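Okay, structure first, notes after.
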Amino acid sequence: PRVCVVGSGPAGFYTAQHILKHHGGALVDIYEKLPVPFGLVRFGVAPDHPEVKNVINTFTQTAHSERCAYYGNVTVGRDVTVPELQQAYHAVVLSYGAEDNRVLGIPGEDLPGVYTARAFVGWYNGLPENRDLQPDLSSETALILGHGNVALDIARILLSPLQLLRKTDITDSSLAALACSKVKRVWLVGRRGPLQVAFTIKELREMINLPGARAVLDPADFTGLENAVKDASRPRKRLTELMIKTALEKPVEMKAAAAGAAAPREWGLKFQRSPLEVLPSADGKRARGIRLALTCLEGSGDSAKAIPTGDVEELECGLVFSSIGYRSLPLDPAVPFDSQRGVIPNSSGRVEGVPGLYCSGWVKRGPTGVIITTMNDSFDTAQSVLEDLQGGVLDLSPSREGFGLVESILHSRGVRPVSFLDWEKIDAAEVARGKAAGKPREKIVDPAEMLRIIGH
């Protein structure tokens, strides 16, 4: 059987890996719109978290299997349609992730100085579409809307000492921009309370221990929480206890301050505030602050809802990031899509009403969870494919040409795919450039340059 996977991030690779491992004869082709593979492992994981990127070694092993092929530089839905893939393959799995972001839907969200978390993370991680972002970091105060790990990543990158970032694979141009950054203070704002934050303890601890930055947490935000958290899950309990401990610690007035040195950078968490409007500067040309509605919580735990109290407050900040989640987009008119939830309607990865079509990862379950969540989710979809292959649900009688058919379609449309061997040449070039600068790699951010390196 010939199986095709669309998207080469964790969902795509884990789906391929599971099918290859548990079906001795299956051939799997992976399609990717960029020349380079690995999706959010390359473009989403923070540069100072290299250990999280180790899964790339496993994905590379999968790509090296003689029953697996990688075709980069192919945009499914434009260069080749999903129905065309269905004609070429016995099963098609859509694992293309979430390439858009949720919008705030408030006035002023399009002002200069307001950025989505997705674009900013893409910028410092070398995602080609965000390479020209040029974020304006001239404001002393930045505000991030959202209490997830991505929000903490952004705060950490904004406040990290440069010597720490210099040793990572952060892009050269981002490093240069951060070197001139005026940002000294970062507020992370959430609609709900401390018991509903979505970040995890590892990321919070890293932020608390960040050299040269101090945490500013208001003890009043945590009053009575020791009791409320008694029945919570262990991770939630430990996370809340760490926030309480940090809030109650008396700040150690740095010795440097006594010596007349500049005050350290700082960051803090603000709770029960919902954005109403980004406020424009007097000339209307950029963001100067934000108006927030104060909220109270109805219900408790994860299901608590934030209800506006009628009170509002304004905060001065020339830099605003909205980190309220990623969003999947429909890929092809032939594929059903639930635009309300931003997912492909499915059951255990089987796309509703379209036999032979599957989905895995964020486009299947929504943009939540870490790489391990995506792994389990992808194995679940792969299992559905294997069951359908073995249970005679899929018609295996017709000879499907796989890439043979797709290649002629791409050729007729002037599209030249990039192989995994090609990617390894780009990889080698990046590592060599990085070595010269004392970094693990220097990412190439221009697809045209990637193609030049491999002689396309």
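Positions of Cβ are set from backbone N, Cα and C atoms, glycine also.
For 2-158, the entry in TrEMBL reads domain 'FAD/NAD(P)-binding'.
The Cβ of GLY369 (FAD binding site) lies under 8 Å from the Cβ of ASP377, each of which sits 6+ residues away along the same chain. If you look up TrEMBL, you'll see ALA11, GLU32, LEU40, VAL76, TRP362, GLY369, VAL370, ILE371 marked as FAD binding site.
Residues or ranges marked as NADP(+) binding site in TrEMBL: HIS147, GLY148, ASN149, VAL150, ARG191, ARG192, GLU203, GLY369. Other Cβ atoms within 10 Å of the Cβ of VAL150 (NADP(+) binding site), summed over all protein chains shown, number 23.
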Exercise. In sequence order, which same-chain residues at least six apart have a C-beta under 8 angstroms from ASN149 (NADP(+) binding site)?
Worked result: ALA198, PHE199, THR200, GLU203, VAL370
For this session: Can you check which residues sit near ALA11 (FAD binding site), meaning Cβ under 8 Å from its Cβ, same chain, 6 or more apart in sequence, and list them in order?
Result: GLY39, SER95, GLY97, SER360, GLY361, TRP362, VAL363, LYS364, THR374, ASP377, SER378
Exercise. What's the CA-CA gap between GLU32 (FAD binding site) and ARG191 (NADP(+) binding site) in angstrom, rounded?
Worked result: 36
Exercise. Where the record says ALA11, GLU32, LEU40, VAL76, TRP362, GLY369, VAL370, ILE371 bind FAD, what is the longest distance in Å from one Cα to another among those residues?
Worked result: 25
Exercise. Among HIS147, GLY148, ASN149, VAL150, ARG191, ARG192, GLU203, GLY369, which the record lists as binding NADP(+), how far apart in Å are the two most distant Cα atoms?
Worked result: 20
Exercise. Which of these binding-site residues has the least crowded Cβ, counting other Cβ atoms within 10 Å: LEU40, ILE371?
Worked result: ILE371
Problem set entry | Cβ neighbours within the same chain of HIS147 (NADP(+) binding site) - under 8 Å, at least six residues apart | LEU188, VAL189, GLY190, ARG192, GLN196, VAL197, ALA198, PHE199, LEU269
Exercise. For the binding-site residues listed here, ARG191, ARG192, which shows the highest count of neighbouring CB atoms within 10 A?
Worked result: ARG191
